[in-house]
Amino acid sequence: MPDIANTSITADKEEEEKEMSFIEHLEELRIHLIRIAISVCVSAVFIFFATKSIFTKVIFGPLNEDFLTYQLMCKLSHWLELGDQMCYSPTAINLVTLEMGEAFLLHIKVCIFGGLILSFPFVLWEFWKFIKPGLYPREQKAANGVVLVSSLLFLMGISFGYFILAPFAINFLVGYELPMINAANNGNLIKATSLINYMIMFTVPVGIIFEMPIIVYYLSKMGLITDAFMREYRRHAIVLTLVVAAFVTPPDVMTQIIIGIPIYILYELSIHIAAKQTKKRADEMNS
């Protein structure tokens with residue numbers, strides 16, 4: 001009987017230790033989430049007080065004729081001896097707000113998304129610090145540099161969406177005409193909310209898409225995707241890329257190629273990563 005009692009007490013203690021360990025993990029997660037929230041708030045406050053520069057030079061940058069993309073495209077056109085074929089100015093539009101409080105809510109929305117973008121590397125770092133203690137040394141070694149690489153890929157995606165995708169897509173959408181609609185518009189009246197929603201759509205999702213190599217790395221490491229699967233659907237990926245590029249760019253092949261090439265390179269890089277991890281996984285299983 002004493003042995004049974006001691007065993008019961010020991011089991012209760014182990015259960016209590018496990019419960020305490022779980023609570024401690026929740027407390028640790030709470031601390032990391034608080035740090036992330038503070039980081040996003042600080043970045044959002046910075047954007048809030050830099051309103052004029054953020055809106056005129058960043059958010060509405062693609063509406064200005066001196067936008068960097070337009071200048072570089074024109075220089076590239078001259079360098080390729082195409083004259084002004086790739087030079088063009090943004091379509092003139094008048095931004096309006098139609099509802100009470102719309103401007104204020106729009107300002108807050110920009111601050112939140114801007115804060116998330118600026119804080120993205122710190123957010124990744126905090127999550128990495130939370131999960132790192134639970135990994136084996138070999139897993140920690142395999143994940144070395146993941147925060148840096150993920151941050152760089154995300155910022156590259158944001159930059160690609162902002163400098164390449166957004167200017168062409170906005171000009172295409174604004175300049176698209178339907179009978180009896182544009183004729184009634186005086187200088188293309190566009191809701192500011194609509195423009196900013198599109199700017200977010202052209203940047204944040206693209207930043208996430210640029211995480212493809214990292215996602216493929218871990219999926220292939222777990223055996224959920226292979227390079228053979230990605231090669232099988234390579235042609236589908238190329239066609240989809242060209243279709244998207246054709247819709248959002250002016251009707252010239254050169255501009256479509258400029259937009260399509262980075263996405264295709266990203267896909268090929270992911271295939272290479274998947275092949276390497278698939279081979280490594282097969283070697284480990286055979287050894």
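Note: Cβ is positioned from N, Cα and C throughout, glycine not excepted.
Whatever TrEMBL says is automated annotation, not expert-curated.
What TrEMBL records for this protein:
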type	residues	note
TRANSMEM	33-55	transmembrane segment
TRANSMEM	104-125	transmembrane segment
TRANSMEM	146-175	transmembrane segment
TRANSMEM	195-220	transmembrane segment
TRANSMEM	255-275	transmembrane segment
Fill in: Positions whose Cβ lies under 8 angstroms from the transmembrane segment (146-175), at least six residues beyond its ends
61-63, 67-70, 88, 90-91, 93, 117, 120-121, 124-125, 128, 188, 190, 195, 198-199, 202-211, 213-214, 247-250, 255, 258-259, 262
Worksheet entry | Sequence-remote partners of the transmembrane segment (33-55) [C-beta within less than 8 Å, at least six residues beyond its ends] | 107, 110-112, 114-116, 118-119, 122-123, 126
